[in-house]
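Look at Swiss-Prot and you will find 24, 110, 208 tagged as [4Fe-4S] cluster binding site. Swiss-Prot lists 55, 88, 138, 178, 236, 237, 238, 279 with the feature (2E)-4-hydroxy-3-methylbut-2-enyl diphosphate binding site, giving sequence analysis as the kind of evidence. The dimethylallyl diphosphate binding site annotation in Swiss-Prot covers 55, 88, 138, 236, 237, 238, 279 and rests on sequence analysis. The isopentenyl diphosphate binding site feature in Swiss-Prot is assigned to 55, 88, 138, 236, 237, 238, 279; the stated evidence is sequence analysis. According to Swiss-Prot, the active site, proton donor annotation covers 140, on the basis of sequence analysis.
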């Protein structure tokens, strides 16, 4: 799309980069797990990943070139191989299927998603009917619903609340997908609490820190610029939320790479905002900057709302290997 003819090297634009942006701790951990597994099992075992390790085309294609095989079903993995669960988590039934096979399983589920899984299990064990606020069909939602055998009610919007059939309003609890819009989720929670005053739940604590930070920064960024580009894949929930939030204030486009930028959109633009979803590597942001510099004068600046320092450890076996062979 970018091959539209537009180049004005005299035109100066300010490009404001959102901070934080891109990889969250859960995504960084999942990708590190796969890369360490490639080294650890080199020439000894085939490595399969169940579903996309994270929802980003660039990352998936890069890992494929390193020998990783992405599959949709456990039975596609050969006996004696390694199977890695994606950052979005999997259902208990999938884990049970894997246990029946001769597979070495590594769980790359984000610890914050695992936290929601434990909440669902605890509520169910205590006799509560569970509502999950999230998007039907999303891998994370499928994994969370699959933590218990009791049916989980999925609420995607306010209208869904009116259709809920409850057994006992005093034994009702909710959890949320970790990558939702904070603002939209708060409205849904408020309506649930109004309709079911005794409902239990974590408020907005299930929505991960990185999702909240990126949304807060993106909202502010959109107020300052004429257009926002969000680096992220179309199937990335958190990236789509960033596009929606930025779009409230200004033009917003979710792109996989600089190749999707239509330069004609920038004719009358003086300020461009750039951010990235939690699964998007920063190399994609740098490529956008380099591309813009080929067509106009670029003045770079940062918008930093909050600093992040969260990290998650990889599984012990890989951590020991890393410490032994990849000393920092």
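Backbone N, Cα and C define each Cβ position, glycine as well.
For residue 236 ((2E)-4-hydroxy-3-methylbut-2-enyl diphosphate binding site), the number of other Cβ atoms no farther than 10 Å from its own Cβ, over all displayed protein chains, is 27. Comparing Cβ neighbour counts within 10 Å across the binding-site residues 55, 88, 138, the minimum falls on 138. Calculated from their C-alpha atoms, the gap between residue 208 ([4Fe-4S] cluster binding site) and residue 88 ((2E)-4-hydroxy-3-methylbut-2-enyl diphosphate binding site) amounts to 13 Å. The separation of residue 110 ([4Fe-4S] cluster binding site) from residue 88 ((2E)-4-hydroxy-3-methylbut-2-enyl diphosphate binding site), Cα to Cα, is 7 Å.
Counting only same-chain residues six or more apart in sequence, the Cβ atoms lying under 8 angstroms from the Cβ of the residue listed as 'active site, proton donor' belong to 88, 89, 113, 134, 177, 178, 179, 237. When the binding-site residues 55, 138, 236, 279 are screened for a C-alpha within 10 angstroms of the C-alpha of residue 24 ([4Fe-4S] cluster binding site), the residues that qualify, in sequence order, are 279.
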